[in-house]
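Participant: First the structure, which I've put down as structure tokens, then a few questions once you've had a look.
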Amino acid sequence: MASAAVTPKLGWVQHQVTNGLHAVVGQVCRHPIHTLLVTALIAATTYLHVLEGTFRAANLGPGSKTDAAPFDVQSFLWGSRSLRLGETSSWRWQVGDLSEATGDGQVNHHWALVTLSFPGASVDDRSPAFLWNALPDSVGAEPITPTSNFFTSISNEFSLAFRVPYTQLSDFLEAVEFVASDKEDRSWAIRFPHGEGKPISLGRWLGNSWLSFLHRAKHAETVDMAIIGLGYLALNMTLVSLFRAMRQLGSRFWLAASVLLSGAFAFVFGLGVTTACGVPVDMLLLSEGIPFLVLTVGFEKPIRFTRAVLYASNQLRRGLQQRDVADKHDSRQRHMIPNAMLFAINREGWSIVQSYLLEIGALALGAVFRPRERFGQFCFLAAWMVLFDAILLFTFYATILCVKLEVTRMQNPGTLDLADDQHGPRIFGYKVNPTSLARWKLIMVGGFVLFNVLQLSSFFYRIMGGFMTNAALTPTTVSPFKVAANGLNDIYLAARAGGVETWVTVLPPIRYVMEASGLEMSAGRRPVFDGVLAGLESPLGRLCLMGALVFSLYLNNHLIPAARWHFSPGAPKESAAPAPPSSPASVPSAVPVPAPSSRSFEEIEALFKANQAESLTDDELAELCLRGKIAGYSLEKTLESIASAGSSSTATTRLEAFTRAVRIRRAAVSRTPSTRDLSGGIQESLLPYRNYNYELVHGACCENVIGYLPLPLGLAGPMVIDGQAYFIPMATTEGVLVASASRGCKAINTGGGAVTMLKGDGMTRGPCLGFPSAKRAAEAQRWVESPVGHQVLTDAFNATSRFARLQTLTVAQAGTYLYIRFRTTTGDAMGMNMISKGVEKALQAMTAHGFPDMNTITLSGNFCADKKSAAINWIGGRGKSVIAEATIPADTVRKVLKTDIDALVELNTAKNLVGSAMAGSMGGFNAHASNLVQAVFLATGQDPAQNVESSSCITTMKKIDGNLHIAVSMPSMEVGTIGGGTILEAQGAMLDLLGVRGAHPTDPGANARRLARIVAAAVLAGELSTCSALAAGHLVNAHMRHNRSAASSEKK
């Protein structure tokens, strides 16, 4: 009950989400330039706001150092770690809170471990002696052994470590703020954790960033570094896979770049919301977490959406190409791209949204359960990033994809003949050369990009004195044993020896930079880049850039619609030679979706009821089907009546009406709400429907037709059967089958061919009769088996057809039920309908001859037995009972079949006879007779379901006079050459190939009997070849070579 209640709700949610995506994507496709403009402006505003708020706050926050500001020790304590050692911690280092150490009056020993790093220091400077002169006597700093690792040599960094009483830390840091170097005009200066508010050059900023990276790497865990390195390596591989996937879809650069740009926008939006909510974001955690977030979320959803859109676009394009040339210039061309987007939404929209919801939910759980930890803070940011990525996928990226498809459609002459190919579009009433147009567009778009890049750079280099953070971007805590392991060991030994409670605060390493003693550069040597940025700061520079941006956007907004919809009002240009019509085998049959109807449903229904349905479009008729006004199964009848009632100028043939019915049914099926998630793609699928004679199908072979299935058809042989050579047609999707049968035919031909015998010919039908009592049923059985009753039933039966002649009656009783098995000839027809009509008349005659109390329970009581394996068919036969035999020379067995006679005989006995008996098989004493029977049945229009009893077969093999004798006995072969699927054109052609199509002109039933002999001979060839392959051990290798082909690549 619960599951039943949930399913409709899920379907409703899916329907609402899909409709919402339809509305959003439809709007952005109608206004692509506006969508790109709004998204770009919002993104630019957001990242400028984030940058300005972040870096200005950083510059004015704690730790800023100006000439007028006092020395701030707290800025150096950010990220420090305090440890305690004593009896309370069992003389082990224990992490503690700094407030406990500074507020506890019992603590007599509180040390600060300070590491000073001098990048690129000279050999003469590699001694602490040059610091002593700067230290006052009141500072009791003691040098200790600095801690080094692998990255020390890479960074070319010289470090000094000191143990300073915590109460004297401020005096020590102020004393070592500036340190003299071996160069008179330069000195070492502390690089403050949060900058000094001074602008720096681009090269210096990059250098500081590299040194900062090496500095962090030197004090990081090796395992952490390896994991982060693997993360970034995998990130690069993910980016490469994105570009490769988009390249396979036909875009070398722009679509992949658009996906990355959309992801960058999502990051900016997510960071803006996160900082606005007051959630602190760790910049180092960002650098560590973003690669793994990208690896987890990936680019699979944009790729899926792109693939679905391109697939739908290609299908619609193929559908338009199958129409006449005049149809290429109607409104369907305009709606091709939006319809492709909507089809992609139907196919992948809900699945993509579902994936996004799962990812957002998982990240939200991480943010809720661990809100105050770095992991929870990153989950909060990541959840917003994924949310904005989902929004941008169906807005910003969908717009770019729509524009890309429009450009591709305009550049493809096979898709649409543009009227302005030779003259170009017009701007403000003037013709524009396409080359100049491309150059102008490149300059304008480049101006927009340059404006944003320089605006971003101006914030970096105007404000940053290094790599900065603000209150929202806090530093990470240092690892004390990575930074000062040697110093901690020295303090541990001293404290343990003296038994003194000791606190140690390990500061993050303090880095020095080499600075000029005076002004580093004069006004006359101002960097060119800074001059450019200063120029951009002026009102005139900003005004010029904004003007160029507005003009670029206006130009694109004017050009793209002009190129999309500017077609010639006259007739289309005539091509040099008309293209030949596409055959159904060469072009898949995709259905172009018509433009939405402008008439309301009430108007459509009124026209239909007023017998004016000939004026309705396919889309409107499909809507009538969906609303239940036209039954789906009666579309052929409805459209046939519409065609016959139309005027002479609009009259269509019966075949055209039936083809249109199939097309409308496909549209109705694809739009059925209850199955749209599964059947929504049937309208534009590769299932063909054109160029088929549905007049032969209607009322004979199939109902609710939506197309036809092309099936591979092969020919085995030629094979000599009863002295006549035949090619045997086989329709199958199983590799090796036709090849194997051909090998069997070759082997049989060397022995003179196959010889067949027809042992019986009679179709059966077994009705079930009910009587008031078992005694009454027994009386009826005696009457049926008596000469009088037999004659009455025979006369009534034979009167129904000139071909039907009753042969035998087999009667069986079960309680009050009586089963009578009628067996009769049926000419060249398979005969099920013929015998059913005769049985019905015979039972009426029986009722009139003394059995008015008889009740016909069913006309087919499974005593036939039809489409079921049964012993009565195996023993008594049904249809044609055929035997086929052949003698294979021993030399052929060795050279052609690659085995020997004794092995074949033993295999047949052990497998086909004993093995089937052990399995309790009924008529299955063969290797694979059903394979051959079904393949020939499909090729010649037989009833596929009757393969069940027709495949009953026993294969025998003997060694006679040194040669192999093989025979197959098939007692219930049910075939016909008229009626059913034999009326179809393709199947009829295969009957012509065998010379057995239709009824025999002089000998009724001869064609059907000949077909049964051919089928039995084909089974004989298949059995011989397959058993030989099994005996030689070649079966698996043959199937792996011929039936396991790799998927073909679309790229040629």
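Cβ coordinates are placed from backbone N, Cα and C, and glycine is handled just like the others.
Annotation comment: Swiss-Prot describes E734, K867, D943 as active site, charge relay system, evidence class similarity to another entry. For H1039, the entry in Swiss-Prot reads active site, proton donor, with the evidence type sequence analysis. The feature compositional bias 'Low complexity' is assigned by Swiss-Prot to 584-594. Feature annotation from Swiss-Prot assigns domain 'SSD' to 224-403. Among the features that Swiss-Prot reports, N-linked glycosylation site is placed at N798, N1043, with the record citing sequence analysis. The region 'Linker' annotation in Swiss-Prot covers 461-617. The region 'Disordered' annotation in Swiss-Prot covers 571-594. Residues annotated as region 'Catalytic' in Swiss-Prot: 618-1044. According to Swiss-Prot, the transmembrane segment annotation covers 223-243, 253-273, 279-299, 349-369, 378-398, 440-460.
Can you tell me where each of these features sits in the structure?
Facilitator: The Cβ neighbour count for E734 (active site, charge relay system), using a 10 Å radius and every protein chain shown, is 16.
DSSP assigns K867 (active site, charge relay system) to coil in the three-state reduction, outside any helix or strand. Same-chain residues at least 6 positions away in sequence with a Cβ under 8 Å from that of K867 (active site, charge relay system) are, in sequence order, A945, Q946, V948, E949.
Neighbour density for D943 (active site, charge relay system): within 10 A of its CB lie 18 other CB atoms from the protein chains shown.
Restricting the average to the domain 'SSD' (224-403) gives a pLDDT of 71.
The Cβ of N798 (N-linked glycosylation site) has A804, R805, L806, G838 as same-chain neighbours under 8 Å, each 6 or more residues away in sequence.
With a threshold of 8 Å between CB atoms, the same-chain residues lying at least 6 positions outside the transmembrane segment (378-398) that come near it are 21, 24-25, 28-29, 35-36, 39, 258-259, 262-263, 265-267, 269-271, 273-274, 277, 279, 281-282, 285-286, 289, 293, 297, 301-302, 305, 341, 352-353, 356, 359-360, 363-367, 370-371.
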Participant: About how far apart, in whole Å, are the alpha carbons (Cα) of E734 (active site, charge relay system) and D943 (active site, charge relay system)?
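Facilitator: Rounded to a whole number, the Cα-Cα distance is 19 Å.
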Participant: Under a three-state reduction of DSSP output, how is N798 (N-linked glycosylation site) classified: helix, strand, or coil?
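Facilitator: DSSP call for N798 (N-linked glycosylation site): helix.
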